[in-house]
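As written in TrEMBL, here are the features:
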TRANSMEM  29-52  transmembrane segment
TRANSMEM  64-83  transmembrane segment
TRANSMEM  95-116  transmembrane segment
TRANSMEM  128-152  transmembrane segment
TRANSMEM  159-178  transmembrane segment
TRANSMEM  198-217  transmembrane segment
TRANSMEM  260-281  transmembrane segment
TRANSMEM  321-343  transmembrane segment
Amino acid sequence: MSIPKTPLPDNPDPQATKPKFGVRSVQELLVRAGFDWFLLALIGMIVLAWLWPEGGIDREPVSLSDVAGIGVSVIFFFYGLRLSPEKLRAGLGSWRLHLVVQASTFLLFPLLIIPLHGFFEGTSYEMLWLGVFYLAALPSTVSSSVVMVSIAGGNIPAAIFNASISSLVGVFITPLWMGLYLTAGSGDFDMGQVMGKLVLQVLVPVALGVVLHRYWGSFAERNRKQLRLSDQVIILLIVYTSFCESFARDMFSGYSLGNLLLLGLAMIGLFFLVYGIVHIISRLMGFSPADRITAIFCGSKKSLVHGTVMAKVLFPDADMVGLMLLPIMIYHALQLLASSVIAQSIARRAGINVQGE
C-alpha cells in the first residue's frame, strides 16, 4: 500500500519559506526597542539648551529644574506600580544566569573603566571619563533588553527578572560606585545627603508603587504606552535643564566634534567588549542558547532612563549633569542599533520570523 505524497508546487519559491529580513525589519526592531522620535527629541533638547539656556535656568515664572526633580519621583513611582511580583517569581530559578548578568552590569563595566582613570586624571578630559564611569555604574535597561531577548528567542522570564532587579539594585550600587570618585573630586559631595535624596526621591516612590501594585497594577499595565510617554517627557525636561546649566557655564568648552566622535567609537567598542566577554563566560558556564541570549543582551545594556533621573539626584553641581549624561546618551543610541542588528541575525539563524511581532 503506497502512501500518497503531498504535491509540491511546480515552481517552488525558496524565499517564500524563509523569514524576510532587511532594512525595514531592522527599522521595526529599532522602533520596538525605543529607537524612535525620542532620540531625535533628545538631540533637539540639547540644541534648544544651547540656543536658549536661560529657559532651563530661570526660576520665574516656573522653575523647570524643580519640575524635573518632581518628575524623578513620578517616574520611579510608576516603575514600582508596574513591577509585577508574579513576573519576578517566574524568573527566580535561573540563579547562575542572574549572577552573570548582575556581575556584568555592576562589576565588569566599572572594572573595565577604572584602569583608564590614570590616563585622564588631572587633564581636561577627566570629567568626560567620570561621565563614562557613571555610565558603567548604571543598571541595565528594562524594555529594550526584554524586546531584544524576545526577538532572538531567549529566556524572557529571566530577562524580565534581571532587568527589574538591576533597576532596583542600581539605586544602591550606582551611588556607591560614584562616591569613590565624587568624594575625592568634589568637596560638595556628601554621601549622606545623596542617600537621603535617593530615599525620598527614589526609594519611597518605588516602595509606594509596589504597595499599590495590587490595586493599580492593572491600570498601569493597560496604560503602559501612556506612562512610557510621560516618562520620556520628564526625561526630555531633565536633559534640557541639565544641558542648560552646562552650556551656561561653558562645561563643554575644550571639547571638539572630534572628541565626540572618539567618544562614540569608545562607546561602541565598550559595548562589543562586554558583549564578547559575557558571551564567552556564558559558553564556559554551559548555558543553554536561550540563556546565553538573555545574558548577552541584558548584561551589555545600560539604562538611559535611570542614568538621567539619578543624575538629577547624584551630582552636587547642576552644571556638570549635562556632561555626565553625554556618554550614556551616545551609548544608548549605539546599543539599540547594534543590538537590533544582532537580534535580527540570531533570529535569522534560528529561523524565527520577526515580522508582525
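Cβ coordinates are placed from backbone N, Cα and C, and glycine is handled just like the others.
Bear in mind that the values here come from a model prediction, so they are computed numbers and not experimental data.
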Given the cut-off of 8 Å on Cβ pairs that are 6 or more apart in sequence, determine whether the transmembrane segment (198-217) and the transmembrane segment (64-83) share at least 3 such pairs. yes
Go through the chain and flag residues at least 6 beyond the ends of the transmembrane segment (128-152) whose CB is under 8 A from any CB in it; none is fine as an answer. 29, 32-34, 101, 105-106, 109-110, 112-114, 116-117, 120, 159-160, 162-164, 166-167, 169-170, 173-174, 177-178, 181, 185, 228, 255, 259, 263, 266-267, 270, 293-294, 297-299, 301-307, 310-311, 314, 323-328, 331, 335-336, 339-340, 342-344, 346-347, 350, 352, 354, 357
Mind checking which residues reach the transmembrane segment (321-343)? Cβ under 8 Å, same chain, six or more beyond either end. 26, 29-30, 33-35, 39, 42, 49, 127-128, 130-132, 134-135, 138, 144, 148, 151-152, 239, 242-247, 251-252, 260, 263-264, 267-268, 270-272, 275, 297, 300-302, 304, 307-308, 311-312, 315
For the transmembrane segment (260-281), sequence-distant contacts whose Cβ falls under 8 Å of one of its Cβ atoms, 6 or more beyond its ends: 100-101, 104, 108-109, 112-113, 128, 132, 135, 292, 295-296, 299-300, 326-327, 330-331, 334-335, 338, 342
Count the Cβ pairs between the transmembrane segment (95-116) and the transmembrane segment (64-83) that lie under 8 angstroms and are 6 or more residues apart in sequence, then report whether there are at least 3. no
Chain residues in Cβ proximity to the transmembrane segment (159-178) (below 8 Å; excluding those fewer than six residues from its ends, i.e. six or more beyond): 79, 83, 87-88, 90-92, 94, 97-98, 101-102, 105-106, 110, 133-134, 136-142, 145-146, 149-150, 191, 194-195, 198, 202-203, 206, 294, 297-298, 303, 306, 310, 314
